[in-house]
Amino acid sequence: MQFNLVFVVAVIGVGMVAADENLMSKLQMALKSMLNENEELQMQSRDTKGQCESDTNKCNNHGTCIEGRWGTYYCKCEMPFRVGIPDSSCYPPPEGKKDLEIEARDSENRCLSDTSNCDGHGICQLSTFGRNERYICFCALGFRNNNYGGCSPYTPREIEFLSYVARDLELEMLTRDSLGRCKSDTHNCDEAGQCVTKTYGRYAGEYICVCNHGYRNNAYGGCSPMTTREIEYLDMLAREEQMQMLVRKYYSLSECSQGTNDCNENGECVEEDGKYWCECGEGYEENEDGGCSPIVTRATEVDDDDFAERKKEIMRQLAEFLQEE
């Protein structure tokens with residue numbers, strides 16, 4: 001009925017455009033108002049269908065009626081039941097669907113606390129990171145979460161990609177270590193770490209706090225306890241860092257051969273878990289060929305300015321060339 005009235009008003013408005021432009025403008029405003037009211041009615045109807053009542057159980061005894069952010073209520077269904085139509089209550093899954101697929105879609109990679117369904121390659125633990133607490137699989141080294149809530153092995157391409165990501169994590173570790181320096185003659189690690197000499201990176205030879213497990217470097221050079229959320233977040237980062245180590249040591253990115261000079265005389269070929277890799281000496285770092293190269297120092301500000309000017313000149317010449325074309 002509302003759409004018919006809108007159509008009539010629109011037709012009348014079109015016929016009177018030439019007579020009165022002001023009237024046409026008013027008709028357009030009225031038309032927009034009626035359309036907005038119709039959209040609000042549709043949204044209200046849709047939201048009403050998705051609500052349950054807080055004082056009654058309309059979730060078919062297979063879920064809980066929970067109050068949402070805006071004062072509305074909705075059904076949080078138990079596994080493997082799902083919210084269905086027309087009353088948005090909890091219904092069993094359709095026939096012919098695999099339990100594993102239902103679990104993957106409804107639980108979003110969750111595992112069950114009383115079962116071991118991480119494919120034998122992880123541990124099912126309660127996660128508090130994010131908006132909701134839930135059980136998830138913490139996969140072992142070399143495995144990742146899959147679409148079915150378990151753990152699957154990384155592919156070679158995934159491992160190679162993670163190796164590049166982990167190199168940035170090494171820079172993050174250098175930055176964090178430089179903020180947590182200490183003095184050799186004092187104990188200012190807040191009794192939660194050890195003040196040691198740094199043997200790698202830009203700050204090699206300086207003293208830093210190596211904090212105990214569960215602590216982190218603070219802005220005062222000591223060690224402060226991590227929060228639960230920080231520990232869980234760093235645990236996720238550590239898995240990627242472990243993957244990078246796996247790549248460098250087990251996938252020939254940094255392998256060397258014992259008894260040969262594969263480290264360019266600037267490092268030592270060491271053995272770990274049956275694999276060999278280069279441990280570079282002071283002032284050297286690993287290169288893409290698996291050997292050791294001198295650490296490149298940052299260019300001076302004058303060199304940076306000259307490079308910037310040359311870059312601007314090249315861009316200017318390129319722009320002129322494109323205009324001529």
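Keep in mind that glycine also has a Cβ here, set from the backbone N, Cα and C atoms.
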According to Swiss-Prot, which residue among Cys263, Cys292 is joined to Cys280 by a disulfide bond?
Cys292
Taking Cys59 (disulfide bond) as the reference, which of Cys65, Cys137, Cys280 (the disulfide-bonded residues) have a CA within 10 A of its CA?
Cys65
When distances run from the Cα of Cys65 (disulfide bond) to each of the disulfide-bonded residues Cys77, Cys195, Cys280, the nearest one:
Cys77
Determine the most Cβ-crowded residue among the disulfide-bonded residues Cys65, Cys77, Cys211, Cys269, Cys278, using a 10 Å radius around each Cβ and all protein chains in the structure.
Cys278
Restricting to the disulfide-bonded residues Cys75, Cys189, Cys223, which ones have a CA within 10 Å of the CA of Cys90 (disulfide bond)?
Cys75
Rounded to the nearest Å, what's the C-alpha distance separating Cys278 (disulfide bond) and Cys223 (disulfide bond)? Just drop the number here, would you?
31
